[in-house]
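Everything on this sheet refers to the single structure shown next.
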Amino acid sequence: MAQSLKDLAGRLPAGPRGVGTALKLLLGAGALAYGVRESVFIVEGGQRAIFFNRIGGVQQDTILAEGLHFRIPWFQYPIIYDIRARPRKISSPTGSKDLQMVNISLRVLTRPNAAELPSMYQRLGLDYEERVLPSIVNEVLKSVVAKFNASQLITQRAQVSLLIRRELTERAKDFSLILDDVAITELSFSREYTAAVEAKQVAQQEAQRAQFLVEKAKQEQKQKIVQAEGEATAAKMLGEALSRNPGYIKLRKIRAAQNISKTIAGSQNRVYLTADNLVLNLQDEGFTRGSDSLLLKQGKK
């Protein structure tokens, strides 16, 4: 285009009249190029645009999608919105149902409603997040947290998060905002309440330990009673057996001596024990008679 203008200027006659004509052509070409550039704009991916008209204001029925668009220079101005979801973290101190101070933080994922961009611009402008989100989040948090005790905020955290999301979503609709996600990222209490909770947990653990020791003592007592009853029964049976046949104790001695002999035989050292060392007293005639009589009775059985 510049070369064409030079060629055109070369064909013009020399002198003041020719220079003036060349300047007019240059100005006209520049104005045309400027007008073309100002008449075209691009809406990038993840964006939407609306028109502001100098005569009629915001055009309510025009929402431009992504791509190349045209406008009337000086009369129409495109206003571009980013409609992609953006995260924002908001913290708010509030009070619980039992009057405990709670510091709670939310991560909110929001985006504007593309179908309502013209009315949103008229009411809130482009900085809608700063105007709306802090106020409605604080309002909803105070309303929801006040329905729960401090302990319930911990044990029923999922229910609290669901209720916050439901109320915040409904509240955001009034401002043409869409909430894609709401999550509790932090939940803390005052130092006094935290210390009281820790002291309560320690007391509960000590009480449980004391209860365990009591139950253990009871079980040990029952075990001793059962053991004592068993020993008494065994002693009674042993006494009855001895009264019926005195040779029973002699037989027990023989079996004990056999066990001792087996143990000694299995060791590496060699030890020789007599009947007296094994406490058998084999020379006693009563021992022999009692043992034979007991063995004879067991053989008959």
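Each residue, glycine too, has its Cβ placed from N, Cα and C.
Which of 75-99, 150-174, 250-274, 275-299 counts as region 'Necessary for transcriptional repression' depends on Swiss-Prot, and there it is 150-174.
Summarising model confidence by region, the region 'Necessary for transcriptional repression' (19-49) averages a pLDDT of 77.
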